[in-house]
Amino acid sequence: MNTPKSDNYLSELRKVIWPIEKYENKKFLPMAFMMFCILLNYSTLRSIKDGFVVTDIGAEAISFLKTYIVLPSAVIAMVIYVKLCDILKQENVFYVITSFFLGYFALFAFVLYPYPDLVHPDPETIESLSLAYPNFKWFIRIVGKWSFASFYTMAELWGTMMLSLLFWQFANQITKTDEAKRFYSMFGLLANLALPVTSVIIGYFLHEKTQIVAEHLKFVPLFVIMITSSFLVILTYRWMNRNVLTDPRLYDPALVKEKKAKAKMSLIDSFKMIFTSKYVGYIALLLIAYGISVNLVEGVWKSKVKELYPTKEAYTIYMGKFQFYQGWVAIAFMLIGSNILRKVSWLAAAMITPLMMLITGAAFFAFIFFDSVIAMHLTGILASGPLALAVMIGMIQNVLSKGVKYSLFDATKNMAYIPLDKDLRVKGQAAVEVIGGRFGKSGGAIIQSTFFILFPAFGFVEATPYFASIFFVIVILWIYAVKGLNKEYQVLVNKTEK
């Protein structure tokens, strides 16, 4: 017979493991399912897009796509989104954008992917143009495989539009503050399970023993899963609008108050803010350094993955495994990150990310630069060759850098805003989002693409020493910024405590 004490213990344990009340499951579970489907597509797209571009165009093309196609496309997509919001209800905007992605996936799956010779220009023409105009050869090669470039762009936009914008806007609109404290952490845990699930799906359908479709159409089942997943997102969203938003226990427009708009700053105002406030400048430097250092290692790593796994199928299966490890490591860091922040100083917690990046980056580049020496010493000790070891260390570096991003890096960055006065906190955060966000995400790609334009004879093999040098300079600047910010942070914290 259960005692009241044991009942209380079980009740508290349930709240820790599953902090959702029974009646809230009607709201929470469909939202979690929507997020799972969106992230299932996102992680599948991330694996496939690189497989197509890296093996058919070249790893060098990724930096050009990010800089000259994805970035302008994201701006155009946001302009279209704002226009749609002016003329349609929010619910219909969601249907239009999701249906657009669904339609593109269907077009790619059944027209562009199965018939590349019909939609792409003659390869000989592309090659002759590349030789005639070497400084623009990567632009020409991208045009030569334009359908894969469009797929890469749509894959990037899926994450921006469907997850960052539409899902979280819907979640923020219908979730009360007390619900958000319990719902959002659970969303993070459940969402990261989509990554290992993606790995299993990719591994099964692209395995050489799986013979569902013709060999040259191996990716079609994955596209069908993405189309089905997109359709389920639309159905779930519609069901929630009809059944959850009409339930007064779960949604009351009067209680879900309109949130104050974030301070938005122009590019010029953001630069002024960062150059006039040393404190805000340090925070921006953290974000820029993280984005550039990740991109510099990632580009070189993907070129090495292509050497080890030269076919689309093998490359995509490997990237699926990468998603598997990334998902579990992200969950682990989410669970232990808060404990680290409670037990160590801000400086120690903030220093973990750049030091981890420095150590793993140094190991990765060492295996590339000294591959013959390493091969000589490790022959007979390890079954893997230096290329496989370099790829493995590159994967570890990427997994850890993305794992710490959402737990330690973002947490320490956001903690740094707390001691600032309200005006500087709001404006400073807006300035950092504009400068740090833009230059962090595209900085590495701009460096790489500019290098390949100026030195057309270079690929990643020849350019790696230069990118490695830039990487180490950036990480050292990052460590300097953390130390500088810590001094300023401690002064402000001590002031507020007094």
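Yeah, the Cβs are placed from backbone N, Cα and C, and that goes for glycine too.
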Topological domain name match (Swiss-Prot): K89 vs R425, membrane: yes
Long-range Cβ environment of K441 (ATP binding site), under 8 Å and at least 6 residues apart: K66, G291
Same-chain residues at least 6 beyond the ends of the topological domain 'Cytoplasmic' (342-348) whose Cβ lies under 8 Å from its Cβ atoms: 412, 415-416, 482-483, 486, 489-490
Beyond the flanks of the transmembrane segment (148-168) by at least 6 residues, Cβ under 8 Å: 34-35, 38-39, 41-42, 45-46, 48-50, 52-53, 56-57, 61-62, 65-66, 69-70, 73-74, 77, 81, 93-94, 97-98, 101, 104-105, 108, 112, 142, 233
Considering the transmembrane segment (439-459), which listed stretch of 93-113, 280-300, 321-341, 349-369 counts the most C-beta pairs under 8 Å: 280-300
Distance from C37 (disulfide bond) back to R438 (ATP binding site), taken between C-alpha atoms, in Å: 27
Cβ atoms near G440 (ATP binding site) (within 10 Å, other residues, all chains): 22
